[in-house]
Amino acid sequence: MLQTLYDYFWWERLWLPVNLTWADLEDRDGRVYAKASDLYITLPLALLFLIVRYFFELYVATPLAALLNIKEKTRLRAPPNATLEHFYLTSGKQPKQVEVELLSRQSGLSGRQVERWFRRRRNQDRPSLLKKFREASWRFTFYLIAFIAGMAVIVDKPWFYDMKKVWEGYPIQSTIPSQYWYYMIELSFYWSLLFSIASDVKRKDFKEQIIHHVATIILISFSWFANYIRAGTLIMALHDSSDYLLESAKMFNYAGWKNTCNNIFIVFAIVFIITRLVILPFWILHCTLVYPLELYPAFFGYYFFNSMMGVLQLLHIFWAYLILRMAHKFITGKLVEDERSDREETESSEGEEAAAGGGAKSRPLANGHPILNNNHRKND
């Protein structure tokens, strides 16, 4: 049974054009071709990424945060209460007024005390500014290096300037070491993002991020073993071109450098719109949808690849909407936080401000900077 499923999954008619077989992609005459087995290395590399990330955040990002005066914020903790904790974990983090009254009777606390407990308990689960900075620093470092490396891989290739050459000789296109490592490192990184997503800072578009990571992993994997490598390198470099800008904007935001953050965000928004909503659909997608049909009839792999590209494009439209809405509020002076941010709540009952900070007024954010409290995506 398993052998039958295995044979069907790797049936040439699913992944390759008509009249071609996997035998056509076997190494010969010094020419090396992509193989599905090459991807096995990405899982241990993903674990290595997690280890490198841990030490990077500990020995690079944390000292950098200290230089920028980004510190852990002391938070008032919710006192132990089994009744309220059980409701928090099983029924919801924001009880309705009727539920507050019921919990008040069950716990022996006043309604104000119940509301205060849930407010503090929610704040306990929210990531600290330092955690956000360390995560943004790690992603900024990777995306910047990946973008530079990706451009080095493709800038001297003829298909970078003439996309019809992406399909010249397809699928009998050999690979070179730079393409191999570019693919393995990118795929390993996205595996590491998927592995760490449960412990990373959670955004309001958490589900969209999971969809993005899964679709990206599927696309990179398929484009490798089906030898869509030329198109794949273009797509990966295109995506990396804006991601490092976003992460750097977040880093400056967490450091309280509002003007720098805002200026970088504007550049990021422009680059994102141009690359994701113009170049990707009208050049890259046109290249993968139209040009292959000039060489061979459509097959399952053709539809599968472009369907995954369609999923990514829908996510890009969704994130572009959030970016444009933020940009509009920024221009009109109404932007107070990122569209995806999970804003920390302030204490509002008498005496709590004094207990928390010597009677200071409630502040919506640590370090007092309201722009882009949290990060945009993608994804991202």
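Yeah, the Cβs are placed from backbone N, Cα and C, and that goes for glycine too.
Swiss-Prot marks one residue of T74, T346 with the annotation phosphothreonine, and that residue is T346.
Looking up S110, S341 in Swiss-Prot, the residue bearing an annotation of phosphoserine is S341. For N19 (N-linked glycosylation site), applying a Cβ distance below 8 Å and a minimum sequence separation of six or more within one chain yields no residues. Helix, strand and coil residue tallies for the region 'Homeobox-like' (67-128), in that order: 36 helix, 0 strand, 26 coil [DSSP]. The transmembrane segment (304-324) makes no contact with the transmembrane segment (41-61): fewer than 3 of their CB pairs lie within 8 A, with pairs spaced 6 or more apart in sequence. Using a Cβ-Cβ cut-off under 8 Å and counting only residues 6 or more beyond its ends in the same chain, the transmembrane segment (41-61) has close neighbours at 133-135, 137-138, 141, 184-185, 187-189, 191-192, 195-196.
Counting only same-chain residues 6+ beyond the ends of the transmembrane segment (264-284), those with a CB under 8 A from a CB of the stretch are 163, 231, 234-235, 238-239, 241-242, 245-246, 248-249, 252, 309, 313, 316-317, 319-320, 323-324, 326-327, 330, 371-372, 376.
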